[in-house]
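> Right, I'll just put the structure down here and ask away after.
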Amino acid sequence: EAFGDRSLSQGLSVLVGLALCVTMLGLGCAVELGQLGQQLRRPMGLLLALLGQFVAMPLLAFLLALIFALDEVAAVAVLLCGCCPGGNLSNLMSVLVDGDMNLSIIMTASSTLLALFLMPLCLWIYSRHWINTALVRLLPLGAVSLTLGSTLLPIGLGVLIRYRHPRAADLLVKISLWSLLVTLVILFILTGTMLGPDLMAHIPASVYAIAVLMPLAGYALGYGLATVFKMPPHCRRTVSLETGCQNVQLCTAILKLTFPPELIGSMYMFPLLYALFQSAEAGLFVLIYKMYGRDSYKQDTLGEEEDTDISYKKLKEEEVADTSYGTVTTAECNSVQMEPTQTAL
């Protein structure tokens, strides 16, 4: 009953819509046209985004829904989150693990654009198991596509701002990242406190388990996918984070704006739970890297310079040793004369 309160529902809808617009604007501001063209000529980022976000994650969400025997409402929420494109959280985390930022941004942007066509298709394919239920029959694929299409405007505006005003774009990227964290906290507090503890109590334990396992499995799948493509370690970390981090603002907006509140009920909380656990697990990933992996990264990046220094030192020693015997001079065309001199480098 509280969830169906009209004033509260409208307030949450406005907050979710604004958060989604700011997030998509920040994503557009992070995209540079030159890098985009370069990545399209070598579409590895596009391919990884396609495989990770629209093959691995939807299949993972579907299997988890079957394994935990979810009802149709919980299954739709899990599937919707699994079919979402990558989120901005992965860009921030990629910086913290010394990842490939260009690859991260291109994967996020390309998966967002691909979602316009592939997300409704994935939802239609994987919801067939629950097709006999009322909620799935009413699954608003058209409204999902409309919500996705509405994100193109702030993305395009962000790209334009990056092209004309790079400094303003950098500021907007930082604002969008901070708004991501603040919005998630506000939504969690509003839905968890104002709607009462009954909302949290109505969420099955299996949904909590999926919210924990799904991002963790996504990180592992992404790392394995990058390993199959024989990518360097810093790119593997980037693809791992891109695969496991979903755009929970988009998932929340679709659940809030396209489904009647009396039908979706407490499952509105699933993307917020997913956001909580994906952030915590990504933070743990970053902590482990800072403690154990950063030294190896520094050795890899400095290895070539160290090898050059060692070779140069050896070359100097060899040159000193050779010149101690003398200097070769040529007096005439067919004569060679040795002069015993000592040359110092």
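Yeah, the Cβs are placed from backbone N, Cα and C, and that goes for glycine too.
The model shown is predicted, which means the values in this text are computed figures rather than measured ones.
What TrEMBL lists as transmembrane segment is 12-34, 46-70, 103-126, 138-163, 175-195, 207-226, 268-289.
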> Do the transmembrane segment (138-163) and the transmembrane segment (12-34) come close, with at least three CB pairs under 8 A (pairs 6 or more apart in sequence)?
yes
> In the same chain, which residue numbers or ranges, 6 or more beyond the ends of the transmembrane segment (207-226), come under 8 angstroms Cβ to Cβ?
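For the transmembrane segment (207-226), the sequence-distant neighbours (Cβ-Cβ under 8 Å, at least 6 residues beyond its ends) are 48, 51-52, 56-57, 60-61, 64-65, 68, 70, 74, 77-78, 81-82, 235-246, 267, 270, 273-274, 276-278, 281-282, 285.
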> Residues of the same chain, at least six outside the transmembrane segment (103-126), with any C-beta under 8 angstroms of its C-beta?
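Sequence-distant neighbours of the transmembrane segment (103-126): 24, 27-28, 30-31, 35-36, 39, 44-46, 48-50, 52-54, 58-59, 61-62, 79-80, 83-88, 90-91, 94, 139, 141, 144-145, 148-149, 151-152, 155, 235, 238-239, 241-242, 247, 250.
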> Same chain, outside the transmembrane segment (46-70) by at least 6, Cβ under 8 Å from its Cβ: which residues?
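Residues 39-40, 78-79, 81-86, 103, 106-108, 110-111, 114-115, 118-119, 122, 125-126, 129, 204, 206-207, 209-210, 213-214, 217-218, 221-222, 225-226, 229, 239, 242-243, 246.
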> Give residue numbers and ranges for long-range contacts of the transmembrane segment (268-289): same chain, 6 or more residues beyond its ends, CB-CB under 8 A.
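Non-local partners: 3, 74, 77-78, 80-81, 89-90, 93, 96-98, 184, 187-188, 191-192, 199-200, 203, 207-208, 211-212, 214-216, 218-219, 237, 240-241, 244-246, 248, 251-252, 255-256, 261.
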